[in-house]
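This report refers to the structure that appears directly beneath it.
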Amino acid sequence: MRLQDIDVTGFETLLLDRDGVVNRLRPDDYVKKWEEFEFLPGVLEILKAWNTHFKYIFIVTNQRGVGKEIMSEEDLKHIHERMISEVKNYGGRIDRIYYCTALTDSDINRKPGIGMFLQILRDYPDIDKAKCLMIGDSDSDIKFAKNCGIVGIKVI
């Protein structure tokens, strides 16, 4: 399914994976700096359209490149600041980005672990889990949604 084809009716909170959903994947590599970041076609348009639909829009992303010291956390924060700015300039929004830099899959914060979702619920206690939608491009993203007890949709 393509991002543009998803029916978001009835959902108030959107969780998006970053790499492969918002931006182009770098095969066997990481997006280490802004110059390597490339929005996928149609993403800016759909985020603009969804701006008024969703109460909250979050990014939840595993960023193992920081844990591997291929890039710094400051590099990651700079990429995210620029991404949020570009989305905002286009008329969309991202309310907050949650990321995990852990190397081990056993870390609760690393998807499919539920740590990032638990943090979202702590930070935004008015969120209704029944009205949350997770969109990702990997089996791990969909397993994350299932583990959180929310709807997950896989895009290709």
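Note: Cβ is positioned from N, Cα and C throughout, glycine not excepted.
For Asp17, the entry in Swiss-Prot reads active site, nucleophile, with the evidence type similarity to another entry. Under the heading Mg(2+) binding site, Swiss-Prot lists Asp17, Asp19, Asp137. Feature annotation from Swiss-Prot assigns substrate binding site to Asp17, Arg18, Asp19, Thr61, Asn62, Gln63, Arg64, Arg110, Lys111; the stated evidence is similarity to another entry. Positions annotated as active site, proton donor by Swiss-Prot, on the basis of similarity to another entry: Asp19. Taken from Swiss-Prot, the feature site 'Stabilizes the phosphoryl group' applies to Thr61, Lys111, supported by similarity to another entry. The feature site 'Contributes to substrate recognition' is assigned by Swiss-Prot to Arg110, with similarity to another entry given as support.
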Nearest recorded site to Asn62 (substrate binding site) by CA-CA distance, among recorded positions Asp19, Arg110, Asp137:
Arg110
So how many other Cβ atoms are close to Asp19 (Mg(2+) binding site), meaning within 10 Å of its Cβ?
20
Based on Cα distances to Arg64 (substrate binding site), point out the closest of the recorded positions Asp17, Asp19, Arg110, Asp137.
Arg110
When you rank Asp17, Thr61, Arg110, Lys111 by Cα distance to Asp137 (Mg(2+) binding site), which of the recorded positions ends up on top as the closest?
Asp17
Using a 10 Å cut-off on Cβ-Cβ distances across all protein chains shown, tell me which of the recorded positions (Asp17, Asp137) has the largest neighbour count.
Asp17
Within 10 Å of the Cβ of Thr61 (site 'Stabilizes the phosphoryl group'), how many other Cβ atoms can be counted across all chains shown?
25
